[in-house]
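S.K.: I'd like to ask you about the structure that follows.
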Amino acid sequence: MAKPAGDAAVGSRSGELFLPSVSSSATSPAPSAAPAPASVSLLSLNGEAPLIRGLSLVSQAPGEALAWAPRTSCPGENTSSGGKVSPYSLEISEKLFCSACDQIFQNHQEQREHYKLDWHRFNLKQRLKNKPLLSASDFEQQSSTGDLSSISGSDDTDSSSEEDLLPLDEGRAESEKPNRPPGFYPHRVLFKNAQGQFLYAYRCVLGPHQIPPEKAELLLQNLQNGGPRYYVVLMAAAGHFAGAIFQGREVVAHKTFHRYTVRAKRGTAQGLQDAHGRASRSAGANLRRYNEAMLYKDVRNLLAGPIWSKALGEAETVLFRAPRSGRSLFFGGQGAPLQRDDPRLWDIPLTTRRPTFGELQRVLHKLTTLQVYDEDPREMVRFHSPETHWKPVREERKKDTEKEKTKVPSDANKPLGQDEEPLKQGSESQEEDGSEVELELVELTLGTLDLREFEVLPKRRRRRKKKERSQEQQCGAHGPLPQQPQDEPFSQPTQEVETPLDTLVYEAKAPGQPELWDTLLAACRAGEVEVLKLQLATGLVDPGVKSLLNAPLGSGGFTLLHAAAAAGRGLVVRLLLEAGADPTVQDSRARPPYTVAADKSTRNEFRRFMEKNLDAYDYNKARVPGPLTQEMEARQATRKKEQKAARRQREQQQRKQREQEEQEQEEQRRFAALSDREKRALAAERRLAAQLGAPSPPVPDSAVASAGRCWSCGVSLQGLIPFHYLDFSFCSTRCLRDHRSQAGRPSS
């Protein structure tokens with residue numbers, strides 16, 4: 001006896017609980033899968049093929065009213081109350097539906113193809129930015145102008161191009177969405193032949209652009225003739241170029257180029273980086289700029305050749321794909337191979353990979369393939385829900401099921417424990433009825449992993465040894481870090497992990513005298529010399545203070561001398577050493593206090609103590625390099641003073657030199673700004689004054705008083721052998737030629 005549709009059932013596989021996701025009758029059959037469309041090459045068709053006899057262009061679905069009848073609401077559709085369901089609703093649609101583009105699909109193949117379209121990807125980006133979505137007609141109109149390179153998946157994309165793809169009329173785009181027929185595909189045209197079959201063909205292989213509305217007779221004629229016979233396919237992205245000329249399936253010519261123009265791990269071309277004001281002067285950037293120029297030259301020379309220029313002129317269809325920043329290869333400039341208003345130019349309506357010859361062949365094969373359906377593809381509906389049906393199970397399998405349940409860990413069954421009791425009661429009531437057949441609910445889930453374009457892998461975590469070293473070096477300037485509890489359930493690592501010095505200091509605790517240890521440690525770290533002197537003075541009568549000076553305490557083995565040196569307290573270090581602290585005591589990592597000192601002044605305290613107490617300790621074990629005497633400190637102070645004076649004198653000389661250079665440049669500029677008449681008058685006055693022995697006449701400005709300068713550029717001729725012609729003097733032959741050409745006397 002079958003269960004009612006709304007009751008739950010207990011599955012007998014692996015001890016798991018299965019509940020029906022939708023209410024359905026036990027005898028209702030699962031919806032049948034839509035048949036896959038047949039594929040026919042457009043290049044293999046001829047005028048007598050039965051497939052293209054009696055063709056007619058299908059503009060709207062015959063059952064459009066039926067298709068728009070009340071049905072289960074999908075995300076993005078209007079509800080009965082008149083409100084619009086949010087596209088982010090959590091309802092599960094029963095149809096193959098795209099809420100971003102408001103499209104219904106007949107099978108998974110069409111859904112996959114739709115997700116790869118630029119139209120769908122652009123609408124997804126628009127919805128994420130809370131911007132209006134494009135209808136198919138508006139998107140088709142803008143894509144014909146060639147502004148879709150940033151959505152094409154190229155390595156060299158620019159986010160600014162997405163902002164350019166705004167709807168032409170946002171109000172009209174929103175109003176056209178409800179009137180759009182279901183199953184509409186941009187870039188494709190639907191035909192129907194005499195046998196009742198439906199054919200989907202790409203619009204770009206059915207002739208050039210037409211002024212809307214398009215003439216159906218021309219589309220039918222191009223399809224019956226097998227489409228254009230000459231194709232030119234051009235692709236460019238990220239330093240790669242690929243082009244090919246096709247005559248039907250035959251390859252007439254093809255060529256590929258590759259230049260290093262995109263920096264690794266950045267993904268943008270060098271020219272695009274320079275255009276954004278981030279011009280780099282590195283050797284790699286200069287190499288990429290050179291390669292961009294050479295790629296531009298190679299592509300232009302190739303397309304300007306006799307074979308390619310003839311093919312571009314005679315081709316009936318030119319298929320094109322390039323990012324926005326790389327379209328200068330084909331458009332603009334002198335002798336551009338392509339024109340933006342060419343009606344034969346079509347942007348490739350497919351997601352493309354790296355431009356190669358194989359990719360060109362794949363694109364042409366995809367675009368020239370017709371999809372043939374026996375039914376109207378816009379009316380075929382397939383429910384996108386888990387297929388469930390009831391399956392009888394014999395009593396002999398009950399024992400096997402119970403064994404499988406015992407194999408499942410108890411932790412895995414805990415979330416289901418609350419639901420087991422009511423379900424067991426229902427199953428016991430059925431067993432009392434004497435039924436020998438148990439119904440098992442089998443759930444078949446359709447996966448969508450095959451729809452992804454790329455496989456996403458988790459990012460590997462890199463080892464961060466350098467950061468740990470920097471934290472160790474800066475430990476003296478930061479406060480203590482919190483200590484990790486000893487009863488933490490995580491296992492200890494097998495390899496040694498470096499611990500900051502602050503943590504080791506903070507872990508040091510005296511088991512017998514915690515208050516005294518805290519007082520001494522705080523005084524050493526804060527540099528409170530008076531408090532430390534008071535505590536050390538009491539150490540003469542209290543042996544506990546003396547015992548704490550050299551006692552390595554805590555798991556890190558730090559002493560008070562370690563703590564003072566790590567904190568950079570030089571006076572405290574000197575006081576501890578004089579009180580009897582041992583500089584040779586090492587911590588758990590075999591480091592004496594000298595090696596953990598924060599700065600040079602703290603280390604010098606150890607060297608001064610060594611100079612006064614040369615035989616007190618083994619300073620090789622303490623790693624103190626040598627004593628620091630007063631004579632050595634005096635020499636170091638004198639050397640630093642001399643270096644400082646020399647640096648100050650050098651800076652003064654450089655400043656004077658800069659001032660002289662600026663003054664010379666100003667005089668040169670003012671002299672070059674004078675006209676030839678003023679220069680000659682100034683020189684004549686100076687010669688006349690020199691002959692008469694009188695002082696030089698006053699000049700307009702002292703900056704141009706000296707006439708011993710180049711007549712053209714104004715450079716001083718002092719120390720140079722000038723070049724003369726007539727009464728003029730020049731610093732070089734170049735200035736002489738320039739002056740002659742300006743005066744109307746070409747040099748011989």
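Every residue, even glycine, has its Cβ placed from backbone N, Cα and C.
As listed in Swiss-Prot for this protein:
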type	residues	note
ACT_SITE	GLN270	active site
COMPBIAS	143-154	compositional bias 'Low complexity'
COMPBIAS	155-167	compositional bias 'Acidic residues'
COMPBIAS	169-179	compositional bias 'Basic and acidic residues'
COMPBIAS	383-408	compositional bias 'Basic and acidic residues'
COMPBIAS	429-438	compositional bias 'Acidic residues'
COMPBIAS	484-497	compositional bias 'Polar residues'
COMPBIAS	632-677	compositional bias 'Basic and acidic residues'
DOMAIN	227-370	domain 'VLRF1'
REPEAT	515-545	repeat 'ANK 1'
REPEAT	556-585	repeat 'ANK 2'
S.K.: Pull the DSSP breakdown for the domain 'VLRF1' (227-370) and write it out as helix, strand, coil residue counts.
M.R.: 53 helix, 37 strand, 54 coil
S.K.: Cβ-Cβ under 8 Å from GLN270 (active site), same chain, 6 or more residues apart: which ones?
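M.R.: Spatial neighbours, sequence-distant, of GLN270 (active site): THR261, VAL262, ARG263, ALA285, ARG288, ARG289, GLU292.
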S.K.: How does the model score the repeat 'ANK 1' (515-545) in terms of mean pLDDT?
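M.R.: Mean pLDDT across the repeat 'ANK 1' (515-545) comes out at 75.
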S.K.: Treating G and I as helix alongside H, and B as strand alongside E, what does DSSP give for the compositional bias 'Basic and acidic residues' (632-677) in helix, strand and coil?
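M.R.: Its residues divide into 44 helix, 0 strand, 2 coil.
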S.K.: Could you give me three numbers for the repeat 'ANK 2' (556-585), the DSSP helix, strand and coil residue counts?
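M.R.: Summed by class, the stretch gives 18 helix, 1 strand, 11 coil.
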